[in-house]
Amino acid sequence: MRIGKSSGWLNESVSLEYEHVSPPTRPRDTRRRPRAAGDGGLAHLHRRLAVGYAEDTPRTEARSPAPRRPLPVAPASAPPAPSLVPEPPMPVSLPAVSSPRFSAGSSAAITDPFPSLPPTPVLYAMARELEALSDATWQPAVPLPAEPPTDARRGNTVFDEASASSPVIASACPQAFASPPRAPRSARARRARTGGDAWPAPTFLSRPSSSRIGRDVFGKLVALGYSREQIRKLKQESLSEIAKYHTTLTGQGFTHADICRISRRRQSLRVVARNYPELAAALPELTRAHIVDIARQRSGDLALQALLPVATALTAAPLRLSASQIATVAQYGERPAIQALYRLRRKLTRAPLHLTPQQVVAIASNTGGKRALEAVCVQLPVLRAAPYRLSTEQVVAIASNKGGKQALEAVKAHLLDLLGAPYVLDTEQVVAIASHNGGKQALEAVKADLLDLRGAPYALSTEQVVAIASHNGGKQALEAVKADLLELRGAPYALSTEQVVAIASHNGGKQALEAVKAHLLDLRGVPYALSTEQVVAIASHNGGKQALEAVKAQLLDLRGAPYALSTAQVVAIASNGGGKQALEGIGEQLLKLRTAPYGLSTEQVVAIASHDGGKQALEAVGAQLVALRAAPYALSTEQVVAIASNKGGKQALEAVKAQLLELRGAPYALSTAQVVAIASHDGGNQALEAVGTQLVALRAAPYALSTEQVVAIASHDGGKQALEAVGAQLVALRAAPYALNTEQVVAIASSHGGKQALEAVRALFPDLRAAPYALSTAQLVAIASNPGGKQALEAVRALFRELRAAPYALSTEQVVAIASNHGGKQALEAVRALFRGLRAAPYGLSTAQVVAIASSNGGKQALEAVWALLPVLRATPYDLNTAQIVAIASHDGGKPALEAVWAKLPVLRGAPYALSTAQVVAIACISGQQALEAIEAHMPTLRQASHSLSPERVAAIACIGGRSAVEAVRQGLPVKAIRRIRREKAPVAGPPPASLGPTPQELVAVLHFFRAHQQPRQAFVDALAAFQATRPALLRLLSSVGVTEIEALGGTIPDATERWQRLLGRLGFRPATGAAAPSPDSLQGFAQSLERTLGSPGMAGQSACSPHRKRPAETAIAPRSIRRSPNNAGQPSEPWPDQLAWLQRRKRTARSHIRADSAASVPANLHLGTRAQFTPDRLRAEPGPIMQAHTSPASVSFGSHVAFEPGLPDPGTPTSADLASFEAEPFGVGPLDFHLDWLLQILET
């Protein structure tokens, strides 16, 4: 067998062994020699065993030779031994046998060193040759005798194949080897022998010189620019390959990090070095990152080799795959999937399969992709037909996972059984279970365990069982729930069934349950002091087990110096996929990112880390923040943080850096704010790529979208898929029978899950427009224009007739109102489940109240909270009435708000808070749970002498801006500096603000009135009458707390956080993204910046002369207000003041006059866009135009005869132009200045 031959993995391994041998020990003879007889695939193993290769043999410094018999001694008169010269020919018939005596574990090689053969110079040369080979293997030394074994049967000396391949042994057998013998270069000096010398004692192989060889390779890699950390992580067998191909790969543009990643599959180094030019020519869009991701896989070299001849065909018809799609298949499906994709490409895209390229790629991009593609070809026609009736999308979802072929077969075998009694699953549930890795086993587990888990003592619902099984490892999770549920529900754990299900309903659910069982008691005790809810939140994600263990190990350190994180912050970081790694990233990066040149706040760092992939996002911010803040990018710190604070934040930052300059130039002409808005969502990287490839096409015929519309579609989770869906569906949806306008299509697509919502509208539109549903186009668009719109439409189709009939008797508008929110499907199901119970004793709610609670984001959870807490809150010590409870629950976040009132009301009514029940209810209704928590945390400090705020002012601040406002005041909002600058630079003659503005109590009353009103359309008119106010005065009051005119007229009060952001914008300050409130340093820096800016000459005149000067909007897409449900709870229980002192000075003399005036300015047909037609009474199917409003300083921008199309964002949602005007001149002297001064007076401490 030849050494150094380059064909085949076997001989490459031999040559790689020589790469580790330094020149003094490298054998001289490397010429090609003919292959010896019997040199087969096992010769490599024989050779390694012959030289002492043993996988698990420990390295030792020295070996003590065992006792052995003495060798014959040559007579003294014998002539001196000659140098290495060929001996007389040995017998030709040398069997190639690997004797056990040469194996690493044989002791016979030591104790019986073949005394039948006298030692010869050839044998000693053989020993030195074998010793050199042993050095090259980097393996522990094994004693080897200097004499070969003897075949007792033939009397011949035995040589194995490894010995036969040696040039020394070959020299002893010239008949057996064609090449002439060559003496090797000796690795050690030999002393001159005298005539009386005997042959030296038998030689044992010494320990390989691995330290010397390691130093040589290490030094070479260091010289090539690799860091010590990179070298430490490399595999030993890859070192020489890296050194060999480094120059070639770096010349092709690969970095040191790229080469290290490729070396995980060392064979890929050679393939990439040799074939990169051909790959780049065949796939010009294939990036080096794609190649690295493919090459580092288990068989990446084979995938690259398979890709090269078929790449051009895959980019052509019928698939027309992009380079990234081909790379995805090669990375995950490897060579078999690439070959199957090429072979089946026409069959998959033609009749009867008609798969799209995206579907084909999804199927092929998994382990077992080849088998899945073949199975789809066979099974898809069958599963689409009766009796299965699966859609193509469902079949693709099942096949697009590891084990997709087996999952398809399992669905075919079990679907009909699971749809029937006693299981009664629906098709979607079966598909959900099967659409994960291990789907076959999960289906079998559901079939085996569902009936047991639905019965006593488990009492799980079908939905809960399906949720547990619908993840990777679903079978094991079901088994764990069955084994541990009863124990976890009992003492000392005391978990609820819902909490156990939440923990188990993720990848690795079984391990997460075991971790909760092991660590819950410790984490609830000292010194951790976590609540049960916090432990459950940490465990309820992929990798929950590891996250719990990391919290237990690091919580105490992170709460102490120098990190100083709160327990809530640590929990927030850990409560995501990859929470363990995110905590490690915080420990490594927090101190660095808080110092120069980064200057991030702790809250910003926590916000970045509190997402899936948080560790990588932190590292990316550390690497790129400084560059992105500098020219030519010129991003602000807040924008960088906003981009990084999402799933895939690292990739989004890299995409912004790569594409920002291009997207700001022609032909895209996007603003920096628009690019940031697109990137600041989950999947921002893909969304930016989609905008770059589709913007120009979508702006042209036949789509004719505006740039703002394209940005609006892309600025959500799944923006890439939504853009693709608009490109595919827009033309069809604008035509008959759908007849949607472009704005309606954009509204549907501009939500999370927009792609699926568009597809659902196209599929369900004809059915829902016809009897018995008879929904209008506007109602369908309203349902679909929310996250989860597809599921909401399907739920309406499934539950509509039941909810319209007794005992529910809901109107069509009420059903649509419930479905037209986040989680509309779940809200409809909750109404069906809880309606009769809530209408009966002891609850006694009206139908309108049940609908009002369900008609908000999170309606299901709010209904469940009312079911659990209403009896408790009506009893002592709470003593709330039903109307107050319904008012709190009838808003987004109703469940946590109710729970916060239940937990904190007794505390907040006592010292040192001294709040009334009405104030607590108002804060919970207006600003929610977080505001109550902020008051509990900060009010004792705000009541002290350093702030001296009364309870009424604290309550007003909480209603104005929620938690953010309370924390900003607590940290030191620079109100005095702002007011002083305003007095110096923009003096206004007139009465002081205290004589013009309402009291804090009156402000809270007005906001609560709007939030608790049953008919938002009528709220403004009723407020004019209730508070005896003029229209301009009420508008100015609402404007002073961040409500735009159009929102006020529609009765839509945005949530406190959004209003606070607007108010800070009017003051000229934008808090850092991701932070709960501005930090003291940033606030003081803001005040100093204001003083420097306004201290310049001419600023006062500029302010006075241009009170309405607009500044550019921050983004083309205004933040959408939280849309109010049309069915809100009843009036507040506390008596409202008949009139307010500040309004009394401006009130009309006759209440009827007020009614007439308001009727003219706010007509009965004022609609809130998609929400208008959902009011239970007095609603039309189609909205009409808004009549001309009174002309007044506060309403001039509210033009006449403005028609709002159905299915668009609410007219209660201000446009970017509205917000720009609202925040136009922070320090002007316009009509709102008095009320801005009044706001500053309330905030001043």
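Numbers here mean position along the shown chain, with the first residue as 1.
Using the three backbone atoms N, Cα and C, a Cβ is placed for every residue, glycine included.
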Correct range for motif 'Nuclear localization signal 3' (source Swiss-Prot, candidates 32-35, 472-475, 576-579, 1108-1111): 1108-1111
The repeat 'Cryptic repeat 0' (321-354), counted residue by residue under DSSP: helix, strand, coil: 26 helix, 0 strand, 8 coil
Tertiary contacts of the repeat 'Core repeat 5' (495-529), as residues 6+ beyond its ends and Cβ separation under 8 Å: 459-460, 464, 467-468, 470-474, 476-481, 484-485, 487-489, 535-536, 539-545, 548-549, 551-552, 555-556, 567
The repeat 'Core repeat 5' (495-529) [mean pLDDT, rounded to integer]: 96
Long-range Cβ neighbours of the repeat 'Core repeat 7' (565-599) (under 8 Å; 6 or more residues past either end): 529-530, 534, 537-538, 540-544, 546-551, 554-555, 557-559, 605-606, 609-616, 618-619, 621-622, 625-626, 637
Chain residues outside the repeat 'Cryptic repeat 0' (321-354) and at least six past its termini with a C-beta under 8 angstroms from it: 283-287, 290-291, 293-294, 297-300, 302-307, 310-311, 313-315, 360-361, 364-367, 369-370, 373-374, 376-377, 380-381, 392
